[in-house]
Amino acid sequence: MDNHSRKVLIADDEPDILEILKYNLIKEGYQVITAQNGDEAIIKAQQTQPDLVVLDMMMPGKTGMQVCEIMRAQPQFKDTLIMFLTALNDEATQIKGLTTGADDYISKPVSPNVFITKVQSLLRRAKTPDSKVVEVNGLKIDPERFIIIYNGQEFTLAKKEFELLYLLASKPGRVFLRNEILSQVWGNDVIVGDRTIDVHIRKIRQKLGVDCITTVKGVGYKFELTC
């Protein structure tokens with residue numbers, strides 16, 4: 001898929017930043033939609049179905065994180081990539097942003113070249129999820145429908161939580177190294193730490209109400225054959 005068929009929605013309340021990023025994306029051949037607040041971003045995302053949404057965290061109305069949470073709760077955005085663009089660059093904020101459902105995080109100020117490289121890298125990594133349904137221990141994971149059923153009850157997970165659970169459950173009993181999880185779920189170009197994995201695992205356990213994921217201390221995680 002060439003850039004001309006890729007749509008990028010940028011939401012930021014600073015007009016100068018919007019114009020600079022829009023100009024550089026168009027120069028690279030992308031279709032660009034802009035929004036200046038969170039509510040407008042949601043409406044335009046629903047209307048245009050972008051491949052990537054770039055959200056400033058601190059916008060008037062709904063914040064970037066709130067927009068991300070709303071989008072991740074809607075099935076139509078299950079494959080939509082989300083990137084945060086913000087001046088808030090402390091570790092706690094990054095972890096919160098990624099666990100909200102974002103795929104990447106880039107700090108302001110950022111040069112147009114770095115931004116374009118990040119966008120290209122994120123879109124390049126995006127791929128159609130494996131269509132194979134995983135069934136193990138009363139758990140059914142359907143990647144095409146983006147649903148999880150456990151003991152007859154349907155659950156909703158954030159995008160990265162879903163991908164992480166799918167990865168582990170697809171090979172029950174196998175220990176996945178932390179670096180392997182980071183590479184396969186977040187990609188090599190996204191800078192996230194071990195705590196991000198831990199937070200996602202904890203949220204999966206809390207939402208499902210069962211602990212089929214075992215921590216292998218100092219190594220990684222595995223999905224148990226029986227739990």
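Note: Cβ is positioned from N, Cα and C throughout, glycine not excepted.
The DNA-binding region annotation in TrEMBL covers 131-225.
The domain 'Response regulatory' (7-123): residue composition by secondary structure is 58 helix, 25 strand, 34 coil, according to DSSP. Under the heading domain 'Response regulatory', TrEMBL lists 7-123.
Positions annotated as domain 'OmpR/PhoB-type' by TrEMBL: 131-225. The residues of the domain 'OmpR/PhoB-type' (131-225), classed with DSSP into helix (H, G, I), strand (E, B) and coil, number 35 helix, 25 strand, 35 coil.
Other C-beta atoms found within 10 angstroms of the C-beta of Asp56 (4-aspartylphosphate) number 26, with every protein chain shown included. The annotation 4-aspartylphosphate is assigned in TrEMBL to Asp56.
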Can you give me the average pLDDT across the domain 'Response regulatory' (7-123), rounded to a whole number?
90
